[in-house]
Amino acid sequence: MEESINPIISIGPVIFNLTMLAMTLLIVGVIFVFIYWASRNMTLKPKGKQNVLEYVYDFVIGFTEPNIGSRYMKDYSLFFLCLFLFMVIANNLGLMTKLQTIDGTNWWSSPTANLQYDLTLSFLVILLTHIESVRRRGFKKSIKSFMSPVFVIPMNILEEFTNFLSLALRIFGNIFAGEVMTSLLLLLSHQAIYWYPVAFGANLAWTAFSVFISCIQAYVFTLLTSVYLGNKINIEEE
């Protein structure tokens, strides 16, 4: 299987992956258009496109509210809705098509099939939980809950690191494996014409399975984000 490379651009010491940037902007655009389209001319009795939006919204609220609590849920409901939609689209983009030039430059893929991208997403989630902890409870109380008693500090640091790493590796492993398998099945169809029906059927079945797994991973990522955030902002006052 030929190795593909993503186009990059450097601005000083900073290197930007153009494929990842393009895919991210595309995802944000799709989410914006979907929410704008589905929320236009809303009525008290939902119908059609409004039903779709409300179903997705209720679904996301249903599995995140137990972790955040009703007290704070209204402040984070849109965040979790957008996060879930972002992860669903990001995980499935690479299954839709391939856009690669003759020299191996890749212009289309799931951004979550890139480990650096997933590590960045995971880091932002962990950073968000700490920022919200400080904003909700104050810097002093947040630090105290993290460092008291003193002997648990190493365990707290290890917990934060494992949360960060597991969140990234889980999504990367599943999405990357799905794209690799899809590429292998596509290559199989190029070996001989009699392999084409087999490769087509196998790829169709694998794509359906990958879409299911991708949606499950989006659910898990959003769920764990709500768990981590809830643990930071719902600590009982002493």
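In case you wondered, yes, glycine gets a Cβ from its N, Cα and C as well.
Per Swiss-Prot, the feature transmembrane segment maps to 15-35 (among others); the stated evidence is sequence analysis.
Feature annotation from Swiss-Prot assigns transmembrane segment to 76-96 (among others).
Here the transmembrane segment (111-131) has long-range neighbours at 6, 17, 19-20, 23-24, 27, 87, 90-91, 93-94, 142, 160, 163-165, 167-169, 171-172, 175-176, 178-179, 225, 228-229, 231-232, meaning same-chain residues at least 6 beyond its ends whose C-beta is under 8 angstroms from one of its own. Residues annotated as transmembrane segment in Swiss-Prot, with sequence analysis given as evidence: 111-131 (among others).
Summarising the annotation, Swiss-Prot assigns transmembrane segment to 167-187 (among others).
For the transmembrane segment (208-230), the residues of the chain that approach it from at least six positions outside its boundaries are 60, 63-64, 67-69, 76, 80, 83-84, 87-88, 90-92, 95, 110, 125-126, 128-129, 132, 163, 167, 170-171, 174-175, 178, 181-182, judged by C-beta separation under 8 angstroms. As annotated by Swiss-Prot, transmembrane segment applies to 208-230 (among others).
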Close approaches to the transmembrane segment (167-187) from elsewhere in its chain (Cβ under 8 angstroms; 6 or more beyond its ends): 1, 87, 91, 94-95, 98, 109-110, 112-115, 118-119, 121-122, 125-126, 199, 202-203, 206-207, 210, 213-214, 217, 220-221, 224-225
Distal contacts, the transmembrane segment (76-96) - CB-CB under 8 A, six or more residues away: 23-24, 26-28, 30-31, 34, 56-57, 60-61, 64, 68, 108-113, 171, 174-175, 178-179, 182, 207, 210-211, 214-215, 217-219, 221-222, 225-226, 229
